[in-house]
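Here is what TrEMBL records for this protein:
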type: DOMAIN; residues: C:7-283; note: domain 'Phosphofructokinase'
type: BINDING; residues: C:25, C:26, C:27, C:28, C:29, C:159, C:190, C:191, C:192, C:218, C:219, C:220; note: ADP binding site
type: BINDING; residues: C:107; note: Mg(2+) binding site
type: BINDING; residues: C:130, C:131, C:132, C:167, C:174, C:175, C:176, C:227, C:252, C:258, C:259, C:260, C:261; note: substrate binding site
């Protein structure tokens, strides 16, 4: 089967993440290295359906290794959820002579890819690209390390103000249903408390912790709250609740928002993207399909897409303990 | 009169701003240079009332030129608004042998200082420290240049995402009642439209501008909104309004928040802080009082505090025009 | 004369500087605003001679406001120094229908432009783009503010190491024959001593200053040295000299090098570039020629190119004094 | 044995690295969490000999998680290489009631620690702190990830200039005898060629690669050179050699230098430091000694110090291949 592959298509899908461009570049250059062609498909599955596809040579991707976002753009496609839409997409791939597909994205994108593969037997390979790190089969998703740095740098700035005014800040960070960003950036930023969906702290224990913090002589505090946290109150309600119950605190809220998704990727994300891109293309060339490439135990490995989508990326219990000890 | 000054107190008051520490350092070292003592007063007027005061030598302020926030901390003091509170404050200054006061802060802090000067004839000198650049008598307040860089860097990241998804973003920035941050950071970040309190664009013209932008082939747009803008809708209501009237736009909101106040100061702010600190101390030593030091036309000059407080820092009409032309 | 201008060419020449792209964008968009065409000339005067010229519309310059370097590239052209070369260049401009020229660069580029103007009566306008800030007729050249931030951020990192090891560092910074970068970044980074070409400190006074610094309890020291400094020893010889004479010091050298020329421009440089670009185009449209646009006393003004080239951008005496006081 | 430990000493030794302060904080807070005391030993083994030791409580280490360098300072100690020096050191530890020692540093520091442990049976635990990543028993040393980001950000800036002028740059980076920084930062920065000590490319192949690069249409090139590279020429000689043999290239050199050792640590380094600090203290409390804590396959594990010192941290062959493919 591998002999047949002479042209690979690549697309980015779902929320954009730093490192996606570095991965695109790696896919393009690995194709060139193996003397096969590479086609860029714009706006994810939407562009596949609309035939928004064009060739990319190795010089086309120069100077993008350090750029945030995705030059192929991303979009969510309703039409791809229909059999008709997918048929159009398949015909466009064939019309362009594309033999295999690299999908850079998250769970949703992989699920779309698997359906497509099932219907048309089209070879696909997934690269995990999302800042949320919520994908099974890789210790790090593309963009996650960069997002962590963006978050700690923002909280470092907020800490300047918190310290100057002896304030308590609730800082909401991204992560969808996973607490990876909150937990790691919280430890990195020296947060006094971290609220994540995987662990229900409860409002009572939050108050208790803040009281203990105050007693221990801390003059300012940062509480990092994951957007998916399940404490039962959003970050603005939390502020009101704490101010009611602990009037000694001057509380502020900061929702870091979309800046977490952008920015020049960290060196870690650029290298990871390069390694994943090489492996994705070479795995397709070896005749493999329906896998996700990922980093586990410092090695680039394959995980069946079905497992990647069904499995859960768990929070490390050791980190929860480290977080507790650090707020001593 | 200048002969009498042998000990100068310094405090930071109001919202903190990058460069305040560099200004404190400059005040301390200029005192040392002139062989007089310098006392740090903690938490603004609050610490003056409570006697939270201690000596600072030139080594005490090493390694703070590049730190955000203020090592002297800041606070708002209700008690200083009472005659009784100010009397306590005056007695504490006398008890500590302090002959003159440098106040690093904004309008409110200067007003407090003027009342204090009027009541006790105490020599004071103001240094404009606020990111909002809303003080008459200086082209740049301390922290403003740093905040501009923080804002454009954040919007650069948001632009990565906006471009990848062909989205419209409303980005709210600080500035209180002044549009300086919004206008300058908006031009710097290449915003398609900028909403500031000094200019009422109106909702109709906003929609018109966004339509024109879409027609001209722009695939994504950033609208920078000053927190003090008077268009009649907050930034979340703006999103709803635009989505209702222009369903072709996928709109997102980002409120940059308190991170704008923190961070390591820019070189510009560090140098400005050093120059203002030197001038503040030396002006006191020359017997001057009740002035604010500021930067006008590249020179460090004095403006009577009363003018600084009453006057208005205006938006440059030329910049409004530049902004219009840039969004062509 | 102004009626005749319907197409403006723009080029970047000499060393590149952050903000050049923002200036190119401003020139392009101001042309579009006034409904005239804009042509990009690649690789400075070299591209003018070779006819490496193409049209740029307002969308062509999207997303470059925050990019370092110059999309038009830069080069030094020996051929332009010959009458023959300039004649070719002139013919290429005419062949492309270009009526006027915006030159973004430094002294050398402006001199080339003036000769060209004299020979062919071709309208030209200069925009000062260099990190060195060594041009008369503007308080800030494009790229200077960004370079200052790059330098202080690098020295902040070096300070971490200097402090950890109680070391003395000589840090060489750019600036050609001018000490602006060294003096301002030196103050901003809290340097103990600053060596610039405009002021001959002398080796004896340097040693004396370092001795005093040691005595005053400073455990580490940074000396910023301008590349054009005239103390008679380069930065590596300085290290040897100090180690011989003050064996108690553990001395290190760091030459910051070319990274000072790159990077995303600061907000200040982006706004300045936008203002200068608007003024350059509109001045040409008003029939003016042979001027440089610049920022003096917070206003955008014109200076005859001849003055800009002959005049000297002087070091501010006040800053030398501030630097002295800060190292107390 | 663990019952006996009631006071732990901590020191930093060798070259400083970002994350050392975060590790110190983690050691201090983990001690507090377990209700034992923690003593800071200043200037490495030097301070142990001189008795420069003082207690650190959990508030003492607030706001240092994000600071570069080491608040405990570092130094190289000749006296510790003598039996007499070590005896003094031992007596000082005993006099201060210190039962166990955490050493944050590299190979040399661990060797010193092992000798000390052998002589006095003193419990010690190592934390790998160096930007060079040249220690066996951990996939990441503290400071390495931060240094990689510092290097790619610097090269990104240099790339702006290289692109604008169609130049070739040789960029020398740190790493001692190991090529980890050069290889990873080279891939991350999109270098055309990477010279590391582990792989002798040879001058001929370098020229060949540069020629191929030129032919393939690349207009500018970055070659990253590890300081320990064994190609037989230093980076300045390389420049001369290439200019002689390929006069079509305009070559520049940049030696990044000591800024690579400083700066605020990345989130990765802060979290790693926290995890290593917890494990180091808790391992001592469990009665373990003479180990280094490290990160292998995403887990914090112990490696006997002897192995850590003798073993070699190897370059990943896969990365060499990725680097080759990326420069296609």
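Here the Cβ of each residue, glycine as well, is placed from N, Cα and C on the backbone.
TrEMBL does not curate its annotations; it predicts them automatically.
Listed binding-site residues (C:27, C:190, C:259) with a CB under 8 Å from any chain D CB: C:259. Candidate binding-site residues C:29, C:190, C:192 yield C:29, C:190 as lying near chain B, with Cβ-Cβ distance under 8 angstroms. The least crowded of the binding-site residues C:29, C:176, judged by other CB atoms within 10 A of its own CB, is C:176.
Within the set C:25, C:26, C:27, C:28, C:29, C:159, C:190, C:191, C:192, C:218, C:219, C:220 that the record links to ADP, no two Cα atoms are more than 53 Å apart, and one pair reaches that distance. Reported as a whole number, the C-alpha separation between residue C:219 (ADP binding site) and residue C:176 (substrate binding site) equals 31 Å.
Among the record's substrate binders, C:130, C:131, C:132, C:167, C:174, C:175, C:176, C:227, C:252, C:258, C:259, C:260, C:261, no two C-alpha atoms are more than 33 Å apart, and one pair sits at exactly that spread. Each of the binding-site residues C:27, C:174, C:259 was ranked by the number of other C-beta atoms within 10 Å, and first place falls to C:27. Cα spacing between residue C:192 (ADP binding site) and residue C:261 (substrate binding site): 24 Å, rounded to the nearest whole number. Looking only at Cα atoms, residue C:190 (ADP binding site) sits nearest to C:174 among the binding-site residues C:107, C:174, C:176, C:259, C:261. Of all the binding-site residues listed here (C:176, C:252, C:261), C:261 has the Cα closest to the Cα of residue C:25 (ADP binding site). The two recorded residues, residue C:27 (ADP binding site) and residue C:107 (Mg(2+) binding site), show a Cα separation of 20 Å. Considering only the binding-site residues C:25, C:132, C:190, C:219, the Cβ with the fewest other Cβ atoms within 10 Å is that of C:219. Residue C:107 (Mg(2+) binding site): 20 other CB atoms within 10 A of its CB, across all protein chains. For the domain 'Phosphofructokinase' (C:7-283), the predicted model reports an average pLDDT of 96. Counting only same-chain residues six or more apart in sequence, the Cβ atoms lying under 8 angstroms from the Cβ of residue C:252 (substrate binding site) belong to C:162, C:167, C:168, C:169, C:170, C:239. Cα of residue C:261 (substrate binding site) to Cα of residue C:107 (Mg(2+) binding site): a distance of 17 Å. If you measure from the Cα atom of residue C:132 (substrate binding site) to that of residue C:107 (Mg(2+) binding site), you get 11 Å. Of the recorded residues, the residue listed as 'Mg(2+) binding site' and residue C:130 (substrate binding site) place their C-alpha atoms 9 Å from one another. Between the CA atoms of residue C:130 (substrate binding site) and residue C:29 (ADP binding site) there is a gap of 22 Å. DSSP assigns residue C:252 (substrate binding site) to a strand in the three-state reduction. Of all the binding-site residues in the record (C:174, C:176, C:259), the one with the smallest CA separation from residue C:29 (ADP binding site) is C:259.
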